[in-house]
Amino acid sequence: MGPKEVELILVKEHNGVQFTTSTLVSPAGHPHGHGLALGPSHGHTPVPGEERETWGKKIDFLLSVIGFAVDLANVWRFPYLCYKNGGGAFLVPYLFFMVIAGMPLFYMELALGQYNREGAAGVWKICPIFKGVGFTVILISLYVGFYYNVIIAWALFYLFSSFTGELPWVHCNNTWNSPNCSDLWAFNNSLNDTHKRGVLHLQDSEGIADLGLPRWQLTSCLAVVIVVLYFSLWKGVKTSGKVVWITATMPYVVLTVLLLRGVTLPGAMDGIKAYLSVDFLRLCEPQVWIDAATQICFSLGVGFGVLIAFSSYNKFSNNCYRDAIITSSINSLTSFFSGFVIFSFLGYMSHKHSVPLDKVATDGPGLVFIIYPEAIATLPGSSVWAVIFFIMLLTLGIDSAMGGMESVITGLMDEFKFLHKHRELFTLIHRCVHLPHHCSGGIYVFTLLDHFAAGTSILFGVLIEAIGIAWFYGVDRFSDDIEEMIGQRPGLYWRLCWKFVSPCFLLFMVVVSFATFNPPNYGTYTFPIWANMIGWCLAISSMTMVPLYAIYKMCTLPGKFCDVSLVYISLVYISLVYISLVYTSGKSGLYKSGLYKSGLYKWEVWFI
């Protein structure tokens, strides 16, 4: 067989496991050499008989990250905030927070997942006392999944309803219209009565206490969504990486088509001018900066565990720094671009009905399920444009939902290894808790979950995550890990952001989130106190994972007194942060919602 050369590579110990790789290399002139690799891949604690899968192609990962970060909020929230907060001037605080917090946190999560090759909980083997924050973000993703898929089902229902000669929501001749159904722009141009058209049968419910029975049409749409998501994820990133080639690219095609149509409409340029109008005096208002900071926190998808899960399937040497810059920039540019599409049609609606633009401009589901469909319905060939628009909503929603599901699946499978053999069954079970949303009063359940499930709790989770990486695991050690992966150490700017700027920014956002809390409402409907209590219990249930797991770890961790003392100090630090948040909420947000008087706040402080 001829002489052989053996190449032996020794890789440093990582998390208690030494990695060695040996390769049998043929010398020149012997093309038939054989290669043998021994040991697990970098950064992955080995599981007997298991090799961690990786993305089929690099572009699969990039599209998945972009598809998750670019979601429905890019369409219905950013344009409205930009218009409301000084037009183009809003980009100043938005880009500022993007640079000092958005990108650094985005980069941090990608690097954290790629180096440790675990889900949101497993990565905290680097600092076990903070593992609770991993369960926090997994729980938040689970809660969000309970209602996010409902939006996709609504979009699918509207899509099916669009395959008619005349769109059903433009008149009151349908069997499901309420007796007081009227034109959208009657009632002094108020949008509070638009639900009387009854597309989602909201008129059959008087509030969250009167949900009614599930509607078979919406339940069937949800079943279709579950099937699509299941077969997109059941085999892992090998299948989801292919689905995003459609779901992540389709929205850009549709947005471009809608923009080309929108700018030809009368009044469209007035809408775009209002969107871009610059009022730098608005920058003196604190609310403008708060809105910009809030938008950055939620638009990039940091804190849901999705970025960690996706990057854990990367190759160890992947350039996660470049990925972070590219994907976060594309997300912001998409938000800005979608504003032209939205406001071209809002300007058209303002012109057509002779009403001020601020009567038309709104954010949230009302924009994409009421205002925009109404605008499309007045166009020639309205059914075609409606189909195109709701296909865009479907694709925007599906890849974001896939990301949230993957966060839960990867996080729990990496933590509980026996689930690896039952991924298909686990994925199916994870999808089956949505029926309350498909009753006549489902919009109230959706509004309540949307307000509490991933608001303050997600900010709290990212704050503890940043503190754990920067101050307990250590920025220097984290920078060493990144250098080991990509051969380039993060610059001083990134290290300063991770250690000082981003944690301070997040702490500020958490306090502001509590201090400015307002109870949820839907139009003129105000939720009862008991509903707010359920909402706060939902939010607190995820945040308590941090101190509860720290207590568990302190009680079970072996070691000398000094080691336990260090754990205890860490626990006290986390608890103090948590108590301060509860105290702030008790003096502001909880009091407004009636929970302070009910004694829930006092009970929680006693518990902590």
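Any Cβ shown, glycine's included, is placed from N, Cα and C.
TrEMBL: automatically predicted annotations, no manual curation.
The Cβ of V70 (Na(+) binding site) lies under 8 Å from the Cβ of A248, P251, I330, N331, T334, S335, L396, S400, each of which sits 6+ residues away along the same chain. The Na(+) binding site feature in TrEMBL is assigned to G67, A69, V70, N74, S299, N331, L396, D399, S400.
As annotated by TrEMBL, disulfide bond applies to C172-C181.
Under the heading transmembrane segment, TrEMBL lists 61-79 (among others).
Beyond the transmembrane segment (91-112), the same-chain residues lying 6 or more positions past its ends with a Cβ under 8 Å from any Cβ of the stretch are 65, 82, 123, 280, 283, 288-289, 292-293, 295-297, 300, 302-303, 307-308, 311, 320-321, 323-325, 327-328, 332, 336, 462, 465-466, 469, 478, 481-482, 485, 490, 494, 497-498, 501-502, 505-506. Look at TrEMBL and you will find 91-112 (among others) tagged as transmembrane segment.
As annotated by TrEMBL, transmembrane segment applies to 133-160 (among others).
Marked as transmembrane segment by TrEMBL: 216-233 (among others).
Sequence-distant contacts of the transmembrane segment (245-268) (same chain, six or more residues past either end, CB-CB distance under 8 Å): 60, 63-64, 66-67, 70, 334, 337-338, 340-341, 344-345, 347-352, 379, 385, 388-389, 391-392, 395-396, 398-399, 402. The transmembrane segment annotation in TrEMBL covers 245-268 (among others).
The feature transmembrane segment is assigned by TrEMBL to 288-310 (among others).
Taken from TrEMBL, the feature transmembrane segment applies to 330-349 (among others). For the transmembrane segment (330-349), the residues of the chain that approach it from at least six positions outside its boundaries are 66, 69-70, 74-76, 78-80, 82-83, 91, 94-95, 98, 251-252, 255, 258-259, 262-263, 265-272, 274-275, 299-300, 355, 357, 360-361, 367, 371-372, 374-376, judged by C-beta separation under 8 angstroms.
Long-range Cβ contacts of the transmembrane segment (384-404) within its own chain (Cβ-Cβ under 8 Å, at least 6 residues beyond either end) map to 64, 67-68, 70-72, 74-75, 141, 144-145, 148-149, 151-152, 155-156, 158-159, 162-163, 167, 225, 228-229, 232-233, 240, 243-244, 246-248, 250-251, 254-255, 257-258, 261, 301, 304, 306, 309-310, 368, 372-373, 376-377. Per TrEMBL, transmembrane segment is recorded for 384-404 (among others).
TrEMBL lists 452-475 (among others) with the feature transmembrane segment.
The annotation transmembrane segment is assigned in TrEMBL to 496-517 (among others).
As annotated by TrEMBL, transmembrane segment applies to 529-552 (among others).
Per TrEMBL, the feature transmembrane segment maps to 564-583 (among others).
Through the fold, the transmembrane segment (133-160) approaches residues 72, 119-124, 199-200, 217-218, 221-222, 224-226, 229, 303-306, 365, 368-369, 373, 386-387, 390-391, 393-394, 397-398, 400-401, 404-405, 407-408, 411-412, 415, 430-431, 433-434, 437-438, 442, 445-446, 449-450, 453-454, 457-458, 460-461, 464-465, 468, 538, 541-543, 545-546, 549 of its own chain, all at least 6 residues removed from its boundaries and within a Cβ separation under 8 Å. The Na(+) site is set by G67, A69, V70, N74, S299, N331, L396, D399, S400; from the centre of their CB atoms, other residues of the chain with a CB within 8 Å are I66, F68, D71, A73, G301, T334. Sparsest Cβ environment among the binding-site residues L396, S400 (other Cβ atoms counted within 10 Å): S400. Where the transmembrane segment (288-310) meets the stretches 61-79, 452-475, 529-552, the count of C-beta pairs under 8 angstroms peaks at 61-79. S299 (Na(+) binding site) is surrounded by 23 other CB atoms, counting those within 10 A of its CB over all protein chains shown.
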